[in-house]
Amino acid sequence: MLRTRPFGQFHGTCLRSLQTQPTYDGLPTTEGTTPNPIPSKKTLTQKHNPKKKPSNISASDVVKWNMAITSYMRSGQWEAALRVFNDMPRRSVVSFNAMISGYLSNEKFDLARDLFEKMPERDLVSWNVMLSGHVKNRNLGAARVLFDKMPERDVVSWNAMLSGYAQYGHVDEARKIFEKMPNKNEISWNGLLSAYVQNGRIEDAFQLFSSKTDWELVSWNCLMGGYVRKNRLADARQLFDQMPTRDAVSWNTMITGYAQNGELSEARRLFEESPARDVFAWTSMVSGYVQHDMLAEARIIFDKMPVKNPVSWNAIISGYVRCKRMDIARELFEAMPCRNISSWNTMLTGYAQSSDVAQARFIFDRMPQRDSISWAAMIAGYAQNGHGDEALQLFVEMKREGKRLTRSSYTCALSTCAEIGALELGRQLHGGLVKAGFESGCYVGNALLVMYSKCGSIEEAYVVFEEIQQKDIVSWNTMIAGYARHGFGKEALVIFESMKAAGIIPDDVTMVGVLSACSHTGLVERGTKYFHSMNQDYGITANSKHYTCMIDLLGRAGRLDEAQNLMRNMPFEPDGATWGALLGASRIHGNTELGEKAAKMIFEMEPKNAGMYVLLSNLYAASGRWGDVRKMRLKMRDKGVQKVPGYSWVEVQNKIHTFSVGDSVHPEKDKIYAFLEELDLKMKREGYVSSTKLVLHDVEEEEKENMLKYHSEKLAVAFAILSTPAGRTIRVMKNLRVCEDCHNAFKLISKIVGRLIILRDSYRFHHFSGGSCSCGDYW
């Protein structure tokens, strides 16, 4: 909302100062009209009679040729300008300058540079035009070499070099140029001041400002805007009160500063005092109220606005979107007379974040034009609401239509691959990132880390981790959590120690990953040590997630009394997740009494938590208490609790294949079931016995065996074995926790078929190989 003159405007002023040629009347510039490139009959005769001396060409003829070049260049017809230039029997320095300047304005830098090198003679304008060309091309090294070679320089030369350094953040170099300048004008002073402000060096800006008194109004506004961006409102206000004159930008800068920082009463007071409240002042007030969730006040201001622009409408619409009032946001959007792409994106994002994917897609399909934000918002909407296939399909469509793929759209697609376990597509996206030059940096690197880790390729995740040059806390935490979830606790702790050695201070998320790693691998003593040293070593106060990890760690190790004592000594009341950890441990160790106690507490807190009903039912079934199993089933029915149906999926040839228990719709079902029968016979020869105690129905053993045989994860693994080359790793995902029977079966299947089978369930990864699992049956 601040309308202080940006540095780009200053740079443009420097470039405009190079245009010293006059504008001539009578030059035809209307599009579609071709200027006559032959000024006179004499010139034409001379061109075809080389014996004639070119001295007959008048200066006015050369001017007209130059005018034609300039006209063509301004309309983007640089090739036509070149033909005129090549046909000229006599050229002046102005002719060369017109061509070079035209090439640069048409982004033909190489042609401009080549022509500059071929000039028979150059004037100061030639050097200045080429100098600014190097600056515009972001080649400051070449610009400085050219600057140092110049036989003479004027204030335009110095300002061009100063603006180049300042524009690209080389503020100290800009200051050195400024100090060496033999003559300075207002552009020089404003350029250095703007450079300091734009690069956050507000104290240097203030010192420069204090060194002279005759600053232009734009400079006062620039420094005041810098204070506002630094949230130094007191300094900004002092400057505002000292200003000899003020314009609308001055008032709007202060109003916006107060509004954005929540000092809305002072913003409103200045707004009322402003002598000329324009649409920017009104919009600043609307935006300020919206940003601080004062929607009623924002709407009053909005309704009073004498003139509204798209920014005003977008501000109030975004307010209603933030408050999830999509009905009113939609009314305003439909009434908006001047929608722009930002308006459409606001509505699209609002519906996507409200889980109304259908309406989001309706908006997306209606958009008159889309940008990368539109595509990314729709992809994210699908991904975050469980429509992974649609998200990836839209990403492929975006790529096919030639849309510019941004970091945001790539990371959104990578996130979707991570959620649905689409490793092959994730690898293709990684390749696209490298080609697009986006692979470096934490933002993309961390997204790749998550993708490879969640897709079951922890080795590739580590390769990405090693390639991130400047790792942030998220990088380290993601790698630790990845190893923990894959059951490689010792590797996770090695990363943790490396993190500390690198000088990165662990945070609360780090310690959740560390304790989880200890829990997954039974490292009770080390986990206990880390837990008790968190506050002393890193200043981290244990929260409910840390306590839940510890209770899970102690409970899985069979130390149920210690787990209960820790829960009793917590500085806050245990939540459902904490009691759930205790219930899970009770099921593992067959402690029905403790399990019932934990389940009772969970049902009071989370009466609709279907997973806890199933856990307790498993505990009853394992103890042969079928009456209690039936009671639990009735209780779930009476309370309207629906058991989440289990399903598994596997990616084969870039396509996701999904299976449910006893699946009867997959086109390869007959081959899958026949193959499972073969595997069942081979497993029994290896000593496999079905874990029928897990079946929550009081039926015959043979029927229980059949119910276990066709679990969704078994169908997915069988299909993957049939559909992929021998020896290839199989990666299967499941939305619930894998059952004990499937876990035992996969150990034997991995040995029989000679494959590494990686299974991701809702809790962790299991790596089955050669008849054993990476978890060591500790899960």
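Cβ coordinates are placed from backbone N, Cα and C, and glycine is handled just like the others.
What TrEMBL says about a protein is an automatic prediction, not a curated fact.
Lifted from TrEMBL, the feature list:
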type	residues	note
COMPBIAS	44-54	compositional bias 'Basic residues'
DOMAIN	687-779	domain 'DYW'
REGION	21-57	region 'Disordered'
REPEAT	61-95	repeat 'PPR'
REPEAT	123-153	repeat 'PPR'
REPEAT	154-188	repeat 'PPR'
REPEAT	216-246	repeat 'PPR'
REPEAT	247-281	repeat 'PPR'
REPEAT	309-343	repeat 'PPR'
REPEAT	371-405	repeat 'PPR'
REPEAT	472-506	repeat 'PPR'
REPEAT	543-573	repeat 'PPR'
Exercise. What are the helix, strand and coil residue counts for the repeat 'PPR' (216-246) according to DSSP?
Worked result: 23 helix, 0 strand, 8 coil
Seminar exercise, completed: Across the repeat 'PPR' (309-343), the model's average pLDDT, rounded to a whole number, is 93
Exercise. What residues in the same chain, six or more past the boundaries of the repeat 'PPR' (216-246), come closer than 8 Å to it by Cβ-Cβ distance?
Worked result: 2-5, 186, 189-190, 193-194, 196-197, 200, 202, 205-206, 209, 253-254, 256-258, 260-261, 263
Exercise. What is the three-state DSSP composition of the repeat 'PPR' (154-188), stated as helix, strand and coil residue counts?
Worked result: 26 helix, 0 strand, 9 coil
For this session: Please list, for the repeat 'PPR' (123-153), how many residues fall into helix, strand and coil according to DSSP.
Result: 23 helix, 0 strand, 8 coil
Problem set entry | Secondary structure content, the domain 'DYW' (687-779) (per DSSP, counts of residues) | 38 helix, 16 strand, 39 coil
